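Copied over from Swiss-Prot, here are the features:
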| type | residues | note |
| --- | --- | --- |
| BINDING | 13, 45, 78, 92 | substrate binding site |
| BINDING | 13, 14, 21, 93, 94, 95, 103, 128, 129, 130, 131, 132, 133, 134 | ATP binding site |
| SITE | 21 | site 'Transition state stabilizer' |
């Protein structure tokens, strides 16, 4: 299925980007002619990595996976960013029913703000459905192995983050 001549936005904080995000990105690319990964600077959400590093990690991971997508950081309303990018589709990944409740509400609000922009929900693949950036950061913080969830370069950034947080 290809939504002809469509630009899609896959937004997130990507703090950090995980294999779950990459799974959605790969699948989203099949649905639109152009995919923009919007790295959000959300003032209401604490992030461990700054916007430049999150954007850089996303660019490296997407390029390393051989995915053709643009990575752009943004702040403010998602639908405003989508409109600025001439996107007509917002793509959101869903891991669990709890994600759906929140995402469904957000899609309704976005529709009310800009009805010309649709939201598409992609369920996480079976092997990525329980990966979250929060879980990955917690596992790394506690010294666990996160190699099943993120790339080696992201693992290195998590190690650096933990060193900084521990005053090393």
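Placed from the backbone N, Cα and C atoms, the Cβ positions cover glycine too.
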Site extent for substrate (largest Cα pair distance over 13, 45, 78, 92, Å): 18
For residue 133 (ATP binding site), the number of other Cβ atoms found within 10 Å of its own Cβ: 23
Binding-site residues compared (21, 45, 92) - the one with the fewest other Cβ atoms within 10 Å: 45
Rounded Cα separation (Å) that holds between residue 78 (substrate binding site) and residue 103 (ATP binding site): 13
Proximal residue to residue 45 (substrate binding site) among binding-site residues 94, 129, 131, 133 (C-alpha distance): 133
